[in-house]
Every structure is written in structure tokens, then in C-alpha cells.
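**Q** Annotated [4Fe-4S] cluster binding site per Swiss-Prot: Cys5, Cys8, Cys17, Cys23, in sequence order. Under the heading hybrid [4Fe-2O-2S] cluster binding site, Swiss-Prot lists His244, Glu268, Cys312, Cys403, Cys431, Cys456, Glu491, Lys493, citing sequence analysis as support. Per Swiss-Prot, the feature cysteine persulfide maps to Cys403.
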Amino acid sequence: MKMFCYQCQEALKNTGCTTIGVCGKTADVANLQDLLIFTLKGISFLNLKAREVGVNKEKTDRFLIEGLFSTITNVNFDRNFFLRKIKEAVALRDEIKEDLRNKGVRVDEYKNIDAISWTYGTDADIEAISQEVGVLSTEDEDIRSLRELITYGVKGMAAYAYHAYQLGYKDDNIFKFMEKALAKVLDDSLTVDDYVALAMETGKYGVDTMALLDKANTSTYGHPEITKVNIGVRNNPGILVSGHDLKDLEQLLEQTAGTGVDVYTHGEMLPAHYYPAFKKYPHFVGNYGNAWWQQDKEFELFNGPILMTTNCLIPPKDSYKDRVYTTGVVGFEGVKYIPEGPDGKKDFSEIIEHAKRCKPPVEIERGEIIGGFAHNQVLQLADKIVEAVKTGAIKRFFVMAGCDGRMKSRTYYTEFAKALPKDTVILTAGCAKYRYNKLNLGDIDGIPRVLDAGQCNDSYSLAVIAMKLKEIFGLNDINELPISYNIAWYEQKAVIVLLALLYLGVKNIHLGPTLPAFLSPNVTKVLVEKFGIGGITNVEDDLKMFLGA
């Protein structure tokens with residue numbers, strides 16, 4: 001069976017995966033994901049019409065964000081999950097049609113739109129249709145490129161909206177925009193210029209969604225504060241929490257209190273330690289390991305069970321597969337799943353009992369790392385930072401936010417961080433930080449040279465900080481600040497962060513280790529001419545370029 005997927009940075013030969021994903025996704029799963037997205041586009045088209053006549057159901061909003069999130073790289077690999085979701089999507093689509101008919105809307109007028117009208121009899125029908133609706137069904141290379149750019153941005157937006165929703169925060173305008181964007185990528189009358197404008201609008205709603213999630217996280221758990229995080233281990237059994245979901249972590253910490261089981265973060269969960277609300281748990285020990293792609297070795301050594309709350313999951317080895325638990329929209333065939341109850345709560349008793357039977361984690365490193373430099377904390381230090389800039393103690397900031405990945409060429413980011421002059425400061429968020437957050441880069445007048453704002457969505461914090469500095473220095477343009485952008489990307493959440501930065505007017509962003517495979521030459525040319533987007537070359541030449549040497 002054939003597939004075509006080029007949504008992540010590791011797309012084969014920077015062109016696309018055609019038989020199996022570099023991520024481990026099989027062709028049938030890739031195609032089913034395409035069909036789910038296709039059907040969500042149909043649902044979006046219909047739900048916009050339903051909104052016009054006063055019909056909008058909460059379950060449609062939730063289904064949309066969960067469906068989109070499940071197709072992000074390294075979230076869900078389970079064929080049966082996608083078959084089930086597609087059937088649910090068709091049922092929901094038909095329910096919205098019925099609601100429209102009851103309101104007097106002539107739904108038959110839309111029967112020529114395949115995303116709205118396709119049907120199935122058997123699973124084999126679903127499999128067959130799934131092979132016809134993928135990325136390559138758009139023939140024009142530039143239109144295809146822009147449609148995918150927008151779709152991947154909306155996937156990233158959906159992930160952030162999902163996390164906010166889990167904490168009880170929702171903005172109907174964001175859901176409306178996601179539906180609008182997905183409906184418009186079905187519209188063959190739109191031009192390249194139309195889609196460029198829609199991509200910028202996607203960036204605008206990306207900012208709004210990250211702001212909403214920031215509000216959800218900080219209202220629930222307090223503002224991140226400067227925190228030293230232990231990277232060693234204790235002599236108790238433990239549970240390792242990976243992904244991004246703070247609510248799952250909170251529930252697990254509550255349920256493990258007094259059990260003798262320690263809880264550790266992994267990967268993108270590291271920033272949980274920065275929130276005041278999580279500091280009251282004495283059994284919340286520290287962070288274990290590094291970025292997602294090293295999990296095959298680190299999960300093995302951890303000895304205890306692992307809870308995957310979101311991406312990034314890689315296909316687990318048999319040696320530890322029985323210790324992996326998934327929840328939310330994460331899935332992998334043969335791995336245990338912890339569902340959400342009708343009350344929104346999760347019962348973690350099985351994973352806790354499992355942990356009690358396990359040996360303590362193997363120590364892989366010791367010491368501490370520092371983080372918690374989100375916008376509220378950094379703005380408390382604003383006077384000190386401004387003074388350091390004015391005196392020349394800080395000459396330049398480098399935003400090195402984003403994602404980490406497997407490619408050997410990503411050692412560039414470690415070498416780049418090491419080579420930066422001592423009068424520069426790195427601003428980071430996301431798992432890209434693991435390439436340099438354990439280096440001893442020192443400080444400038446007490447300001448650490450690596451300021452970690454948090455998870456990938458906390459790139460929003462970096463934008464807030466930049467806007468505030470622009471205001472303090474009385475500048476007209478954000479690009480007049482002594483800030484350079486050298487961003488590492490991997491999956492679709494990085495796409496919405498990029499579009500958000502472009503919407504905010506940030507120019508001359510450098511993206512690596514490769515430019516996205518889904519950007520056609522012409523679309524790349526537009527981004528270069530309009531926004532100064534660039535790639536990376538080597539540390540020495542790039543430093544000269546950034547520093548104007």
C-alpha cells in the first residue's frame with residue numbers, strides 16, 4: 001500500500017514518506033489519517049452553515065480538536081482508532097446535515113463536495129477511499145503547498161485549543177476560524193494570494209490560541225517562576241510522564257500522593273516544574289532524560305511505567321512496551337489506554353499499582369537545570385535586562401525555540417549555542433532546549449544565558465517579551481530589537497508558532513535543520529521575499545550572518 005506524508009521535518013529525503021513514515025506510521029494509518037482530516041473538512045464546512053442558523057453543538061467542537069490533534073506526528077499510530085474516528089466523523093457529519101435540514105437549509109446543494117457526501121458500507125470501503133483523498137489529490141503544487149501549510153497550522157492550533165479546553169478555557173472564535181480554514185482548503189476557486197492571506201490569518205488565530213492556553217495554564221497553576229529542576233533520581237519506584245498535558249499530570253500527582261511512588265517528567269513535561277501549583281508535591285521528583293527521540297533508551301532505563309499524555313510517542317520496543325500507557329488522543333496498538341470518565345477525571349490506579357511492582361529508575365545523570373523564564377517572570381526582571389542591554393553587557397538575544405529531532409545534523413544547535421559570544425542570551429521554549437540546556441553557558445550579571453520559557457506553546461511568552469521590549473525601548477518595529485531567530489522545527493505545532501510569529505511581523509526567521517518539504521519552490525520564494533525566511537548553513541557562517549560580522 002502506498003501513502004504520501006510530508007508534514008514533519010523528517011519526511012524522507014525532505015520530499016515525503018511513501019511506504020512507511022520515518023516516524024513509524026504505517027501506510028494504512030497514514031491514509032486513514034488523511035481520510036479523517038478530509039471528513040473533518042466536510043464537517044467544518046457544514047458546521048459553519050449550522051452556526052449561521054443558530055446550531056452549534058459542544059461535541060462538534062471537541063470532536064474537531066481531538067480529531068485534528070490525533071493526526072499530529074507521533075500522537076497516534078493505531079489503525080483501529082482511526083477507523084473508529086472516521087465512522088464517528090461520518091455519523092456526526094450526517095447529524096449536522098439533519099440539523100440543517102430541520103432548519104430549512106437545502107443540504108443537497110452541497111452534494112458535489114466529496115468531503116460532505118462520501119459514504120461507506122464496509123471497512124474495506126473506508127480503506128479504498130482513504131487512498132484517494134490525501135495530499136496529492138490537489139494537483140497544483142503551489143495550491144497544495146499552501147493548503148497543507150494552513151492545515152498543519154490548524155492542527156497545531158487544535159492541539160493548543162485542546163489543552164486549554166481540558167482546563168475549561170474555550171474561545172468560540174478560534175473554533176469558528178478552524179472550521180473556516182478547513183472549509184476554505186476545499187475551495188478550488190481560491191488563488192495563491194487568497195491562501196497566503198489565509199495563512200496569515202491562521203497565524204493571527206495561532207497567537208489567540210497560544211494566549212488562551214497561557215491564560216488557562218497560568219490561571220490554573222500560577223505563573224511559571226525561576227526554578228531549579230533535579231535531573232537525578234531517588235530510590236523509590238516511579239512513573240514517568242511525557243507529552244504536554246498538565247491536567248493529566250495534576251491528577252496523577254494527586255492520586256500518587258502517599259503511595260510511595262515518585263513522579264518524574266520527561267521531554268516537554270519538564271516545564272511543569274516551573275508552575276507554583278506543582279511545587280507542593282514532595283513526590284514530584286524531577287526530570288528524567290532528554291527530548292522525545294531518545295525515549296527508546298530512556299524508557300528502557302527508567303524501569304517504571306510511562307504515561308504518554310500527548311506526542312511525542314515513538315513505536316515502543318517490546319522490552320518496555322508493557323510499561324507504556326497512553327491517554328487522551330494518544331494511541332498505539334497493544335498498549336494500555338487510560339480513558340477519561342464522564343466527569344472528566346481519569347483513574348490512574350492501574351499505572352500506580354504497576355509502578356509499585358517496578359524497580360527504581362536507573363540514574364542516567366545528576367545535577368540541576370534552571371528554567372521558568374516565561375513572560376511574567378522575565379518582565380519582573382525587565383529593569384535588569386534593559387540595563388544590561390543599555391550598558392552593552394547583553395548585545396543580542398537569540399530565539400532558539402522549537403523542537404528537537406533525530407537528525408544528526410541537529411548537533412548544529414548545540415555547536416551554535418556553544419559558539420555564541422558571551423554577551424548573548426538564548427531565549428527558548430519547546431524541546432529544542434535539550435540541545436543546550438545542560439551546557440554550562442554561564443550568566444550575564446546574574447541573568448542566565450539560557451532563558452527557558454517552557455513548552456513549545458510558550459513561544460507565546462517569547463513574543464510577549466519581545467513586544468514589551470519594543471515598547472520599553474520606544475521602537476516602531478519589532479525587528480529593530482537586537483533579537484535573532486534561529487528556530488528548529490519538527491512537527492505541526494511548530495508550524496502554528498511560525499505562522500504566529502509571521503503574523504506578529506517578525507522577519508528574517510531562520511528555520512532548520514531543513515526547510516519544510518511541504519513548501520513548494522514558489523511558496524518558499526514568497527516567504528523569502530515577504531518575510532525574509534531562511535534556512536541554516538553551518539555554525540561559523542550563520543554566526544557571521546546573524547552578528548553582521
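From the backbone N, Cα and C atoms, a Cβ is placed for every residue, glycine too.
What's the neighbourhood like for these features in this structure?
**A** Sequence-distant neighbours of Cys17 ([4Fe-4S] cluster binding site): residues of the same chain at least 6 apart with a C-beta under 8 Å from its C-beta are Met3, Phe4, Cys5, Tyr6, Ala11, Cys23, Lys25, Ala30.
Look at Cys403 (hybrid [4Fe-2O-2S] cluster binding site): DSSP puts it in coil. Remark: Cys403 (hybrid [4Fe-2O-2S] cluster binding site) has Gln9, Gly430, Cys431, Ala432, Cys456, Ala488, Trp489, Tyr490, Glu491, Lys493, Ala494 as non-local neighbours, by Cβ distance under 8 Å and separation of at least 6 in sequence.
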**Q** In three-state terms from DSSP, label Cys17 ([4Fe-4S] cluster binding site) for me.
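**A** DSSP call for Cys17 ([4Fe-4S] cluster binding site): strand.
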**Q** Helix, strand or coil by DSSP: which one applies to Cys312 (hybrid [4Fe-2O-2S] cluster binding site)?
**A** coil
**Q** Are there binding-site residues among His244, Glu268, Cys312 that sit within 10 Å of Cys8 ([4Fe-4S] cluster binding site), Cα to Cα? If so, list them; otherwise say none.
**A** none
**Q** Specify the count of other C-beta atoms within 10 Å of the C-beta of His244 (hybrid [4Fe-2O-2S] cluster binding site).
**A** 25
**Q** For the binding-site residues listed here (Glu268, Glu491), which one has the lowest count of neighbouring CB atoms within 10 Å of its own CB?
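**A** Relative to the other binding-site residues in Glu268, Glu491, Glu491 has the fewest Cβ atoms within 10 Å.
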**Q** If you take the centroid of the Cβ atoms of Cys5, Cys8, Cys17, Cys23, the listed [4Fe-4S] cluster site, which other residues of that chain have their Cβ within 8 Å of it?
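**A** So the extra residues in range turn out to be Tyr6, Gln7, Glu10, Ala11, Leu12, Gly16, Gly21, Val22, Lys25, Ala30, Thr73.
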